[in-house]
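Annotated features in Swiss-Prot:
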REGION    1-211  region 'Interaction with IFFO1'
MOD_RES   53  phosphoserine
COILED    133-153  coiled coil
COILED    183-213  coiled coil
MOD_RES   192  phosphoserine
CROSSLNK  208  SUMO cross-link
MOD_RES   229  phosphoserine
MOD_RES   230  phosphothreonine
MOD_RES   249  phosphoserine
REGION    255-327  region 'Disordered'
MOTIF     263-268  motif 'Nuclear localization signal'
CROSSLNK  289  ubiquitin cross-link
MOD_RES   294  phosphoserine
MOD_RES   295  phosphoserine
MOD_RES   308  phosphoserine
COMPBIAS  308-327  compositional bias 'Polar residues'
MOD_RES   313  phosphoserine
MOD_RES   316  phosphothreonine
MOD_RES   320  phosphoserine
MOD_RES   321  phosphoserine
């Protein structure tokens with residue numbers, strides 16, 4: 001069972017202090033026991049749930065709202081400025097009214113019974129008050145200890161937090177210094193790389209004319225090489241010169257009859273006409289040589305044979321010349 005003891009003043013006796021005790025099982029709306037005492041006498045009454053419902057119907061209010069108003073007046077301990085209590089010792093009638101700005105209305109009324117042994121009621125009331133005070137004091141002490149513990153924890157946390165803040169600031173300062181050092185190193189490295197890049201670009205600019213000069217010289221040499229004769233052309237020219245020289249040396253001899261031009265003319269004529277075989281001039285030449293050999297003396301015959309052998313070698317050289325090859 002729950003209890004609530006409050007101190008009130010009656011409207012008829014404002015200088016006298018009364019103590020009002022209300023106890024209930026579940027809620028105030030389910031019924032309660034009211035006890036009133038002035039320290040000498042005591043009055044009590046039991047209010048049922050049906051009576052509360054009847055009072056709510058008489059006031060045209062809902063039961064829950066009416067029970068809430070009773071709880072505020074009897075249990076919450078509101079001051080006399082909001083609620084007014086009226087009690088008559090002769091009739092033992094107890095009523096309470098709620099005061100508004102300009103009006104007041106009756107919230108409830110109960111018929112109390114005087115307790116024959118008021119001392120027991122007062123003793124129970126005092127014991128309850130003392131127990132409540134002890135309980136509240138123990139709870140207060142427990143809360144105070146808890147508050148002290150929380151305060152110590154808070155101080156400890158605050159100290160750790162301050163240390164963490166100091167360490168954080170020191171770490172930030174150290175990291176900032178390291179960042180500045182790394183940044184300066186990077187800037188220095190970037191400057192050196194830019195400087196090296198500029199030097200390389202300047203060197204490339206300086207080497208570019210030399211490269212162009214070398215390229216132009218190389219192109220000139222290649223043009224000169226392309227303008228020169230090939231190995232085959234050079235060999236052919238050398239052979240032609242040798243053949244010409246040998247022909248000149250042979251042609252300049254007064255003792256040898258040069259029959260090569262007539263033979264060559266015949267050879268060209270036969271090639272252009274394309275009707276006679278190439279071996280016919282050689283046969284005619286051999287016949288002419290035989291007739292000439294029969295008419296000459298023996299000595300001239302030997303000389304003629306020697307000359308014929310030279311002419312044959314000359315013909316071989318002439319046939320091996322570049323002109324005969326291309327013919």
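Using the three backbone atoms N, Cα and C, a Cβ is placed for every residue, glycine included.
Residues within less than 8 Å, Cβ to Cβ, of residue 192 (phosphoserine) and separated from it by at least 6 positions along the same chain comprise none. The Cβ of residue 53 (phosphoserine) lies under 8 Å from the Cβ of 63, each of which sits 6+ residues away along the same chain. Taking the Cβ of the residue listed as 'SUMO cross-link' as reference, no residue of its chain lies under 8 Å away while being at least six apart in sequence. Per-residue pLDDT, averaged along the coiled coil (183-213), amounts to 88 for this model.
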